[in-house]
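The structure appears below as structure tokens.
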């Protein structure tokens, strides 16, 4: 006999007091552990094995830095901000994650999906504030300063020895929105870490994330087409942006800039060819080819010496100032406008960072702390928001490059930050003549991985049809409605799919595997023997209020017996028999003699006297579930059919006890509950 262990229930008051005492105590050792947990760099940096690690960290840091600069400048188009702010973001994110992150390999910085989400909020708020989204930046004046023009909504920079002071116009308002959004997203992430809400990421399944990334990639691609062909169309806002943008593109296709079209074609061919060759021969290359940097340098030189902006009216990046802008506190009044938008941004940023961190930790056999990752990415948003930066996240492509180039620790992140700092202090103005179509090409080619997900749809469908539908719905909503709505739709739809699976789960009757004590699905396996006078029913889901009716319908259908109808037939038949007897007619309602009456009291022949319910797949019962089992126990008992439960887990047994299924004193429990199907079947066979 198996006996349950008796648990000693501790007082909740004592538990709370003990936790408060432990949490509020402040000893030197506890304070030291808190600081070292909050800044993990203090633990691993003193143990840094310089001879073993330094070469890999320096190489990966330089490669990522070289890749980071052109991507940062390019992704500024997605965020609707000047390239200088993207460089600030890349610099500060690498430094802060170096101090606070627990992953050794993740590359945190500017990310296309996050930049897109920021850009959509910035564009919306600029439109509401009355700014024109379609103005190109004017060429810089010879004295190095730009004066603000209220008619053209352009922003002017006054370069000073102390840094850069911007007179607030369109650009100032845009970065104000971005920093307020970033600050709030960071605050949300830190609060989620404090209250240990990291479990929120569990509701973003792989299908939802992949669908969201692919749908957002289509939106990014659509937003860059106008730069590829050099047309000026209004920047669409709100739901249906993708469709509206394509309509505007085809309406204005005749205005395409031939110089931009030729440049874009050349750049895409070069970038795609280099990427394909790099993928094919990556086992022979010690580090990836810096194709983006080469393309940017060559394109900038051609644009500058060919005067493409003046001669062919090709749109260029414009002036990128050097140095740092003085820190500024994000504006509280703008935070109120973007408080809702910051929540999906915070969740997506955290989920991508933690998922990549866990992937790297599993691959290289170390552990991360998800809660500390929440703090790290939160402060990667909070602190840089004071320095004119916008939201960041871990990026898959750069993380893979980082691991493939010998990265050992986050020292490589500091090296990457130094490369960005070099550009910030000295090299940024050299990118003035860089065409925007070149940046658009870099963005589009970087989407290859996400867009290739379309090729995986048939294989995904063969593997799991429901997950494929979730992917398609999330992708379509993210592309056709908006990214935030698409993410919400994906989460809700995936949950509905789970609910639907539990509402209509698989149900079956079981047969015995010959010469064994095991039982399996009678519809799935051949040569199973049925048990005479015993039906074994399996329900493969929790039993709760939403699937109660389906449970009963499936049970009645598979056993070919509805006890309620059968009981009603019997009562009706007994009533007719009584009426015949009262009239003095000794024949029954069927025309038989009274001696045969007992044979006709059952209108339908029942071929079993015991029902075994296999509860191995029932993970929990709610009140409705317990009442449902009590109901079938009562209904079948009226037909002299015993109901036996088998393979119940402890939580189900406890629910049955609390619900009074076994009676008040549990005296009949041993005759109603069995630890295996075979035991229940043997008991049923032994019954008279």
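Each Cβ is built from the backbone N, Cα and C atoms, and glycine gets one as well.
Please treat TrEMBL annotations as automatic predictions, because they have not gone through curation.
Sequence annotations record features per position, and here TrEMBL assigns domain 'STAS' to 524-684.
The annotation transmembrane segment is assigned in TrEMBL to 53-78 (among others).
Residues annotated as transmembrane segment in TrEMBL: 172-191 (among others).
The transmembrane segment feature in TrEMBL is assigned to 211-229 (among others).
Here TrEMBL flags 334-354 (among others) as transmembrane segment.
The transmembrane segment annotation in TrEMBL covers 375-397 (among others). Within the same chain, residues 38, 79, 81, 85-86, 88-89, 92-93, 96-97, 100-103, 106-115, 117-118, 175, 178-183, 185-190, 192-193, 324-325, 327-330, 345-346, 348-350, 352-353, 356-357, 446, 449 sit at least 6 positions outside the transmembrane segment (375-397) and bring their C-beta atoms closer than 8 Å to a C-beta of that stretch.
Taking Cβ pairs closer than 8 Å, the transmembrane segment (417-447) reaches residues 61-62, 65-66, 68-78, 83-84, 87-88, 90-91, 94-95, 98, 112, 140, 217, 220-221, 224-225, 227-230, 260, 263-264, 267-268, 271-272, 275, 292, 295-296, 299-300, 303-304, 308-309, 314-324, 397 in its own chain, all 6 or more past its ends. Taken from TrEMBL, the feature transmembrane segment covers 417-447 (among others).
Summarising the annotation, TrEMBL assigns transmembrane segment to 468-496 (among others). Panel annotation: around the transmembrane segment (468-496), residues 113, 116-117, 120, 203-205, 207-208, 210-212, 214-216, 218-219, 238-243, 341, 344, 347-348, 453, 457, 460-461 of the same chain, lying at least six beyond its termini, place a Cβ under 8 Å from a Cβ of the stretch.
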